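For 60-103, the entry in TrEMBL reads domain 'CUE'. Per TrEMBL, repeat 'WD' is recorded for 174-208, 247-288, 292-324, 336-369, 404-435. The region 'Disordered' annotation in TrEMBL covers 212-235.
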Amino acid sequence: MSFDGDDLAGSSPSASASPSLSQLIFCALVVLLVYRYLTSSPQAQDAGHTRSSGTTNSTVPADAVEALRAMFPQVSVAAIWWDLERNGGSVEATTEKILAEGSLPEVSPGSFFLPCTNPKATMSLNRIGSFPAQPDRVWCAVPHPHLPLVATASTDRVVRIYSLRDFSLVSTIEGGHKRSIRSLAWKPNSKGESVLATASFDSTTGIWHRSEHARDPQPIIGGDEENEISQSDEREEEEEWRFAVVLDGHDSEVKSVAWSPGGSFLATCSRDKTVWIWEEMEGDNYETVAVLQEHSQDVKMVVWHPTEELLASASYDDTVRLYKEDVDDWVCCAVLTGHTSTVWAISFENAGPQSRLASASDDQTVRIWHRQAKAPPAGETQQPSIIKQTDSELQDWQEQSCLPKAHNRTIYSIDWSKTTGFIATAGGDGRIVVYREEDIAEDASTEDSPGSNRKEWKVVAQIPSAHGVYEINSIAWCSKWDKQGARTGEEILLSTGDDGVVNVFELKL
């Protein structure tokens with residue numbers, strides 16, 4: 001992924017050059033178009049030219065930022081907003097500066113975080129801390145299933161384990177892969193040890209073990225009260241991670257790895273267009289039980305249903321496919337079509353057998369899919385049958401809704417909260433968006449209609465440029481832990497970016 005703000009080499013005039021007549025005319029036209037956009041947009045009546053008293057960017061009209069961004073796509077949202085903030089909200093001044101210099105100076109990562117620009121948002125995302133910056137792009141951050149730990153995967157081939165009590169670095173895992181580590185997965189229900197799977201661009205998947213002791217992990221890097229962690233060369237003794245096994249088989253980069261809910265199966269997917277399912281045997285041995293070749297292009301992600309051994313995969317071929325075991329074989333039981341470009345990420349709802357699936361795509365949309373209840377065949381009796389029907393594993397999944405559009409670039413990541421039911425998305429535009437499903441108010445005319453329980457998804461919070469000018473690679477909900485290592489009952493959001501930073505956000509009313 002590349003970051004926002006391409007260089008305009010050779011197009012910028014010298015500092016001493018004066019704008020030409022054609023530039024001045026063009027500038028006037030741009031200002032006129034921006035003014036007309038602001039006065040005619042449906043948001044103008046709600047947002048106007050003022051921000052709420054709690055924001056720092058009180059002089060910046062959000063619609064002006066969006067309009068300038070549309071006219072000058074080479075300039076990042078953060079740079080436009082920062083320039084407008086410094087010049088008192090003058091659209092004319094910012095436009096003239098872009099025309100004269102070809103772009104705007106970029107904002108240093110982490111030094112400027114934009115407020116939510118949705119005038120109807122009912123909640124706010126507040127950045128409460130970050131993990132220490134890593135030297136390379138961070139692909140993902142994955143919370144441990146039952147400990148206050150989170151693991152991150154990076155381009156530098158190192159897995160870093162952080163404490164969620166104080167955001168300190170606890171341990172590192174390195175030496176198992178020759179190329180970037182793209183994806184991670186903690187094994188659920190592991191007894192007395194932590195088991196981590198690592199998927200790499202070197203075409204392999206690694207399995208790592210570490211014993212869990214009674215004492216809490218000791219940090220090897222300390223943090224101050226602001227949760228900003230400073231680097232230190234003095235490290236305490238680390239717990240030893242054991243590289244148990246390497247899984248070979250894929251012909252190209254492994255893009256994603258996921259454990260089944262019971263921990264018996266491990267799924268991987270690759271650029272080689274295949275999905276592999278591995279079964280854990282005794283003594284750190286894994287057996288390949290299926291090589292699924294249903295996709296026609298690169299497979300981006302695999303994820304398991306929260307309570308069933310039902311696997312979903314997302315692909316460059318614009319589809320989502322679902323797989324289920326049928327006797328001794330794994331078969332494709334459903335194909336979800338509707339996206340018009342690459343499906344980058346998928347996430348299941350935590351609602352038992354009724355769990356829905358959310359998908360995020362390069363087409364900038366988020367879609368919700370639900371499984372239709374299968375009607376019993378006509379004439380079916382109540383007598384049990386020992387004959388398995390050949391189509392018994394086919395499932396009917398239908399698109400239930402398409403969420404309100406909030407992104408203007410590829411959506412790379414999506415996570416459906418297992419606690420609150422909120423959906424978080426992030427991607428190439430650097431924006432984090434949170435959705436909530438709400439009941440639709442029914443009037444008297446629909447009181448007796450079957451649609452009385454209808455719901456709709458709404459954007460309740462968003463924050464642009466959450467990683468400055470850089471793209472966001474992943475977003476994940478995570479339990480919040482206190483300093484003593486106890487869950488608080490609240491959730492936080494972890495985002496990772498091309499800037500090598502893991503940011504921590506809190507959702508507030």
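A Cβ is built for glycine as well, from the same backbone N, Cα and C atoms used for every other residue.
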Task: Candidates 174-208, 247-288, 292-324, 336-369; stretch with most C-beta pairs under 8 Å toward the repeat 'WD' (404-435) - done: 336-369
Open item on the list: For a three-state summary based on DSSP, what are the helix, strand and coil counts in the repeat 'WD' (174-208)?
Closed with: 0 helix, 18 strand, 17 coil
Task: For the domain 'CUE' (60-103), the number of residues DSSP places in helix, strand and coil - done: 31 helix, 0 strand, 13 coil
- [ ] Could you give the residue numbers and ranges of same-chain residues that sit at least 6 residues beyond the repeat 'WD' (336-369) on either side and whose C-beta is under 8 angstroms from one of its C-beta atoms?
- [x] 300-301, 303-308, 312-316, 318-322, 397-403, 405, 407-419, 421, 423, 425, 427, 435, 457
Task: pLDDT averaged over every residue in the repeat 'WD' (336-369) - done: 97
